[in-house]
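Participant: These came from TrEMBL, pasted as-is:
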type   : residues : note
DOMAIN : 62-170   : domain 'MurNAc-LAA'
Amino acid sequence: MAKVFLDPGHGGKDPGAVGQGLQEKDIALSVTLKVGQILKNHGVDVYYSRTTDKYVELSDRARMANNLNTDIFISIHCNSFNGSAKGVETYSYPGSTTGAKLAGSIQNSIIADKVYTLNRGTKTANFAVLRQTTMVATLVETAFIDNVEDANILRNRQNDLAIAISKGILGYLGIKYNGGNKVSEHWGAVIKRELESHGVVIHEERFNDNITRAESMALALQVIKAIKGIK
């Protein structure tokens, strides 16, 4: 049975890139968990560097995957530049032919599923998680979080993105995508989108978690500001 290690970028004290009311750490975690669900439904053993909003050192992410001796490692991120750049790009470690093959499979799947109109292609980089892992590894920059169009994809098409990434992973592993594993959407996601359409921004999708008093006060303040039109 194939073993896959999924690494949602950033987390905890490190929000990653921020833009258009979104935080990279939240998008990366949400998409990663959806990918994991699809892979599990196809009989793949899935492991994660994190499943909650916590900070994990880059070296620890690689170490966890190495200790588990997984077949492949996928790190999921969001890009950021100047608000005008957009599109998807996928990285492998320089000189890794297998890494390049995995990156190409994921990149091509995202483009084939028409999640994006702009294909930025596959690239190589000396990223720590690619350098320090001992298995086939790739890093997906899903979209530019500070670009209006890309942010809308990150906000509203996470299921499509997760399915496309999963298809690319399964294709590399030689596992046929069965087409029946659409990611079920939590009812809270519908409420979240409705609130955001009215100017109330919720950064995390912890739909089943309890809310603290401080969080409830912060949410109430956002609602009041949205009603009054205060930025």
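Backbone N, Cα and C define each Cβ position, glycine as well.
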Participant: When secondary structure is assigned with DSSP, how many helix, strand and coil residues does the domain 'MurNAc-LAA' (62-170) contain?
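Facilitator: Per DSSP, the residues of the domain 'MurNAc-LAA' (62-170) fall into 50 helix, 28 strand, 31 coil.
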Participant: Would you mind giving the whole-number mean pLDDT across the domain 'MurNAc-LAA' (62-170)?
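Facilitator: Averaged over the domain 'MurNAc-LAA' (62-170), per-residue pLDDT gives 97.
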